[in-house]
Amino acid sequence: MDSVSPTFIISTIYAVPSILMYFLTFFIIIRYRKSFDSSFFTLYLYDGGMNLFTWIVGYYMMRLNSVSSLSFLYRNMHNYFPMNVLTCMSYHMAYVQYSTTALISFNRLSVLWNYTRAEPFWKKYTLLIILIVFAAPFLDTHRCFYYRTEVVYNEDFMTLRTIGTQKRSKVESNFVIIMSITCVVQFLGCAISVARVYLSTNPMAVTLAGILPFISDGLSLVQPWLLFSFSHTIRGKIRQMFGCHNPQLLVLDQ
């Protein structure tokens, strides 16, 4: 019987509802575009797409490889897809996630500060800014394309190894809460990453390596829950979609 690691089970259990929530919020925002016609929701769609891509890369690189019955997903994979691309993207998307969080924070701050000037600017240049945020990290992460990545098997399991390395006051309070939660998750991820470097020869580095994927998952999967928790409009549209209509909840709250 195939043995499945507890970390794989736990990560899958919390990932499935989060992914469903992502697609549900995507559908609501696109379906009711007139109600969500702001630069913030454009950035949310981009951020969500990047987070899902980051989660998929991490799930393939660090989760599925612990299930021996899924070895066919890795065996001879290098013959069909360059594995070093996944290695590069795992580094690259970390930059993209941190940069996107900073971008959304600056978007919310500037819009709250001066809506009449900032919002038209963001609507006009959001796509260009998004492209820059995604492409700029390649100035550094392109070197990861040259890292050699291989799949190593043993009798018990297999691992994938990388060789070589409403109201304005309410809106403001929601902004502070959401950014605080996101920043805490990012700070934990950054602290653990730095600690791994300094403790690379210490057994503690192995423990930190096991914790880091959960931090990455948290950063990737928390966004739709935050949007659902702090946006009356999103909650109202979801309730409406499932037949629980409440007109009082259809007031736009970004």
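Residue numbering: from 1, along the chain as shown.
Every residue, even glycine, has its Cβ placed from backbone N, Cα and C.
TrEMBL lists 12-32, 121-139, 175-199, 205-228 with the feature transmembrane segment.
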Close approaches to the transmembrane segment (12-32) from elsewhere in its chain (Cβ under 8 angstroms; 6 or more beyond its ends):
41, 44-45, 48, 51-52, 55, 59, 63, 217, 221-225, 227-228, 234, 237-238, 241
Residues from the same chain, set at least six apart from the ends of the transmembrane segment (205-228), whose C-beta lies under 8 A from its own:
7, 11, 14-15, 18-19, 21-22, 24-25, 44, 47-48, 51-52, 54-55, 58, 62-63, 94, 97, 101, 178, 181-182, 185-186, 188-189, 192-193, 195-196, 199, 234-235, 238
